Protein chains: 2
Amino acid sequence: MFLFKKSKDNTYSSFLRRIIGGKPSNIDLYYLAMRHTSAAKEKREGFVESNERLEYLGDAVLGLIVAEYLFNKYPFKDEGFLTEVRSRIVNRENLNQLAKKIGLEEIIQYNGHLKGNKQSFKSIYGDALEALVGAVYLDKGHQFTKSFILKKLIIPHVDIDMIISTDTNFKSRVIEWSQKENKPLTFEVVELDGQKHFKKFEAKIFVGKKEISVGHGLSKKKAEQDAAEKTCQKLNI
Amino acid sequence: MFLFKKSKDNTYSSFLRRIIGGKPSNIDLYYLAMRHTSAAKEKREGFVESNERLEYLGDAVLGLIVAEYLFNKYPFKDEGFLTEVRSRIVNRENLNQLAKKIGLEEIIQYNGHLKGNKQSFKSIYGDALEALVGAVYLDKGHQFTKSFILKKLIIPHVDIDMIISTDTNFKSRVIEWSQKENKPLTFEVVELDGQKHFKKFEAKIFVGKKEISVGHGLSKKKAEQDAAEKTCQKLNI
């Protein structure tokens, strides 16, 4: 039994080593990171242990490392640009794809019944990737994690220029969808209370009379983009 | 002139040393962190340098350090709890108060005209505090910043038990307001598409027929809290 566990751990460890770029020390953290809540175990009365706590931590780690990377890469871009690009890099869809690219599919544990529920199922890869980042941070510290995120995830797999140049795609994606589905679509943009130098805009998107999303930005275009992105997420466009 | 600048820098440096708990190395970063966009200077054509980029970075740093602190402090609490407590610690109102407590008021640069605009003015302290965190992170690195945030900000100035125990206050604050103002108030809560173990709720708050805010949570109560908190922010209650 011991041997079996040890040999399983060794295989797992080699697999992870390729993914994170270094030898994992506390292997149990990684097993936990790959355990979706549908396959969770009750640890204490009422406390079920899954990868969700690690996902919470990893989300914050990833947020900081990507924020810092963009801050240094674009010294003359304002915070509106940086915030926007960051949110596109770490959005659920991108993280799902990234998780699959590095092979997490092979080691994620989940309950097979989940496949029937598209909404819950579609984010398990991105969630697991965030949890992995959380595990690496606890196991190997800040510097190692920074290097893992940049050298193993962002630089080889994320095309930032492409992400920036597809700037206007959300709005057109919503418009295309509305035409295809024959739904009446309205964009409503208002300038929020502000001074000359601090104009802020709020955009709302309606399908028929129903408000679907609200977005904000430092220009009309950005507010519309923000609202359109949220509409895409909400309506699964 | 040089002497004057040097003596000014020394005073500034001593002041900052007390605030951050160590000697600043790159003093210009801190001057920048304290420069609100209303007092910004144009650095390159079209690029105005203010503390907003540092605020963007500091926001991510603060988010991670507080996330990690709560993760370790509450090993048996789920990510819903951790996310909620964190967002209360780093909300604008709390950060404004924190900034004043540590004395940032004395060194923030802004354009006096701003005082007339309540909306923009009320967040400059919290924004500057985030920018300071960003400056410390660039100047002194991750470990130092972690120690600054925990030992100089969170532990001495933030009463986390109080923050947790005032759990239900937002909803009652909204109700009190509606009674005082004699406005018809409606809470609407629906269960979102989910499985047995992944119930998610959405709460909407209406004043009259107008939807004011939408909140989400893993229980009805949490969704209502979230929506009520947003209503408080929006209506300045």
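Using N, Cα and C of the backbone, Cβ positions are placed for all residues, glycine too.
Those TrEMBL annotations? Automatic predictions, nothing curated.
What TrEMBL records for this protein:
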DOMAIN    A:13-141  domain 'RNase III'
BINDING   A:Glu55, A:Asp127, A:Glu130  Mg(2+) binding site
ACT_SITE  A:Asp59  active site
ACT_SITE  A:Glu130  active site
DOMAIN    A:169-237  domain 'DRBM'
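With all protein chains in the displayed structure included, the most crowded Cβ environment within 10 Å among the recorded positions A:Glu55, A:Asp59, A:Asp127, A:Glu130 is that of A:Glu130. Contact annotation for chain B: of the listed binding-site residues (A:Glu55, A:Asp127, A:Glu130), A:Glu55 place their CB atoms under 8 A from a CB atom of that chain.
The Cβ centroid of A:Glu55, A:Asp127, A:Glu130 marks the Mg(2+) site; residues of that chain outside this set whose Cβ lies within 8 Å of it are A:Asn51, A:Glu52, A:Leu54, A:Tyr56, A:Gly58, A:Asp59, A:Leu95, A:Gly126, A:Ala128, A:Leu129, A:Ala131, A:Gly134, given in sequence order.
Recorded residues A:Asp59 (active site) and A:Glu130 (Mg(2+) binding site) have their alpha carbons 5 Å apart, per Cα-Cα distance.
Counted with DSSP, the domain 'DRBM' (A:169-237) comes out as 32 helix, 24 strand, 13 coil. Mean model confidence for the domain 'DRBM' (A:169-237) is a pLDDT of 83.
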